[in-house]
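I have placed the structure first, in the form of structure tokens, so that the comments after it can refer back to it.
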């Protein structure tokens with residue numbers, strides 16, 4: 001985070017003589033800031049412990065979440081407490097040597113949080129847009145390399161310019177006694193803001209908009225599938241030859257399935273809208289004010305402190321918003337914390353996708369399972385019911401994201417299921433049986 005370009009001409013602020021003054025803020029301000037600090041530290045610590053202790057959550061996708069929660073935890077433990085003292089006392093009350101160090105950690109932790117949000121959006125983008133290639137592209141070493149790159153960029157944008165004095169270029173202002181408001185020139189503010197906010201936020205908008213378009217396209221494709229001549233159930237469509245069609249049931253089930261996918265597309269739109277709104281509401285005012293302050297010096301210290309804490313609150317909301325839309329996090333939290341309600345687990349195919357599940361496997365939006373049982377014996381019960389050997393039975397399963405499917409009618413013979421969307425599935429064993437011979 002870029003500190004406020006306050007009225008100082010050195011990275012070492014001036015302190016007035018005597019003991020620190022009494023807090024100038026009211027009691028409710030101190031209480032509110034303490035609640036924000038405790039909630040930030042507790043929520044991020046809980047989710048880090050949850051991922052580390054639950055085997056179901058230890059996967060490549062959650063590497064980025066651990067990095068995000070770590071940066072937000074550092075904001076709550078290292079950045080917020082001195083900032084609270086600064087806001088309450090109106091001056092820097094800690095050791096003067098800690099001012100520059102605290103400012104550097106402020107920039108690094110907040111920048112790392114924003115860059116980790118960008119990595120999470122990239123991970124979701126690859127998972128939804130290229131689910132079959134996700135495991136090949138997003139391996140554990142590549143994920144760790146991306147995380148290391150994000151933290152390195154955040155450190156370079158914070159410690160290096162401050163230690164070398166690049167933030168003071170072109171500035172000549174009188175110092176304010178007792179203040180720890182770092183001098184920042186317009187070039188430094190523009191470069192730091194562009195690298196740590198505007199470029200990552202553009203990438204976040206691009207990836208989430210592509211995900212939203214993919215969700216809507218999937219809903220349209222499913223709706224077009226339900227308008228075919230085949231009988232579409234709510235989650236199971238069975239084509240059997242011969243079979244008597246029932247047009248009334250076709251149209252009703254098709255409308256029901258289309259409506260459900262339309263609702264899911266709308267829910268995905270609202271989810272992305274909430275995430276993007278929270279991100280820009282918390283951080284955009286701060287960076288706009290930073291640029292305005294560097295240009296015209298027209299932002300009061302009180303208003304800048306409010307905008308700074310608004311950006312800090314993004315680290316409080318991240319551990320609440322992101323797991324809120326992840327079902328596996330809810331179930332793991334229910335097992336980890338007994339008082340938390342654990343939603344029931346749905347039986348879903350490993351190929352079923354969800355933007356907000358943290359599994360790293362490839363899971364496309366539509367799972368089609370082809371079931372090809374061999375011809376049944378002439379004296380089987382199915383022949384007497386259908387009037388002859390049924391020959392070929394095709395089962396196409398439309399699996400909605402994150403939902404359980406209805407159990408199909410029990411087959412007369414156990415079919416061989418081939419899932420074409422699971423890359424590491426075992427090859428099925430094919431055996432030949434002559435027509436009319438019994439199968440084991």
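Note that Cβ sites are derived from N, Cα and C of the backbone, with glycine treated the same way.
As annotated by Swiss-Prot, topological domain 'Extracellular' applies to 1-27 (among others), with the evidence given as similarity to another entry.
Residues or ranges marked as N-linked glycosylation site by Swiss-Prot: 9.
For 28-52 (among others), the entry in Swiss-Prot reads transmembrane segment, with the evidence type similarity to another entry.
When pLDDT values are averaged over the topological domain 'Cytoplasmic' (53-62), the model yields 90. The feature topological domain 'Cytoplasmic' is assigned by Swiss-Prot to 53-62 (among others).
Among the features that Swiss-Prot reports, transmembrane segment is placed at 63-88 (among others). Using a Cβ-Cβ cut-off under 8 Å and counting only residues 6 or more beyond its ends in the same chain, the transmembrane segment (63-88) has close neighbours at 23-25, 29-30, 33-34, 36-37, 40-41, 44-45, 47-48, 51-52, 94, 98, 102, 105-106, 109-110, 112-113, 116-117, 119-120, 123, 140, 143-144, 146-147, 150-151, 154, 180, 305, 308-309, 312, 315-316, 318-319, 322, 358.
Feature annotation from Swiss-Prot assigns topological domain 'Extracellular' to 89-96 (among others); the stated evidence is similarity to another entry.
Positions annotated as transmembrane segment by Swiss-Prot: 97-122 (among others).
There are 21 other Cβ atoms within 10 Å of the Cβ belonging to residue 99 (disulfide bond). Sequence annotations record features per position, and here Swiss-Prot assigns disulfide bond to 99-180.
Every protein chain shown contributes to the tally, and the Cβ of residue 106 (serotonin binding site) ends up with 24 other Cβ atoms within 10 Å. In the three-state DSSP reading, residue 106 (serotonin binding site) counts as helix. The annotation serotonin binding site is assigned in Swiss-Prot to 106.
The topological domain 'Cytoplasmic' annotation in Swiss-Prot covers 123-142 (among others).
With a threshold of 8 Å between CB atoms, the same-chain residues lying at least 6 positions outside the transmembrane segment (143-167) that come near it are 11, 60, 63-64, 67, 71, 100, 103-109, 111-112, 115-116, 118-119, 122-123, 182-185, 188, 192, 195-196. Per Swiss-Prot, the feature transmembrane segment maps to 143-167 (among others).
The topological domain 'Extracellular' annotation in Swiss-Prot covers 168-185 (among others).
Summarising the annotation, Swiss-Prot assigns transmembrane segment to 186-209 (among others) and lists similarity to another entry as the type of evidence.
Summarising the annotation, Swiss-Prot assigns topological domain 'Cytoplasmic' to 210-268 (among others).
According to Swiss-Prot, the feature transmembrane segment maps to 269-295 (among others). With a cut-off of 8 Å between Cβ atoms, the residues of this chain six or more beyond the transmembrane segment (269-295) that come close are 1-2, 4-5, 114, 117, 184-186, 189-190, 193, 197-198, 201, 204-205, 208, 211-212, 215-216, 303-304, 307-308, 310-311, 313-314, 317, 321-322, 325, 355-356.
Taking DSSP states H, G and I as helix and E and B as strand, the topological domain 'Extracellular' (296-301) has 2 helix, 0 strand, 4 coil. The topological domain 'Extracellular' annotation in Swiss-Prot covers 296-301 (among others).
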Dominant neighbour of the transmembrane segment (302-325) in 28-52, 97-122, 186-209, by Cβ pairs under 8 Å: 28-52
Structural state of residue 99 (disulfide bond), classified by DSSP into three states: helix
Distance, residue 99 (disulfide bond) to residue 106 (serotonin binding site) (CA atoms, angstrom): 10
For the topological domain 'Cytoplasmic' (123-142), the number of residues DSSP places in helix, strand and coil: 17 helix, 0 strand, 3 coil
Local Cβ density at residue 180 (disulfide bond) - other Cβ atoms counted within 10 Å: 26
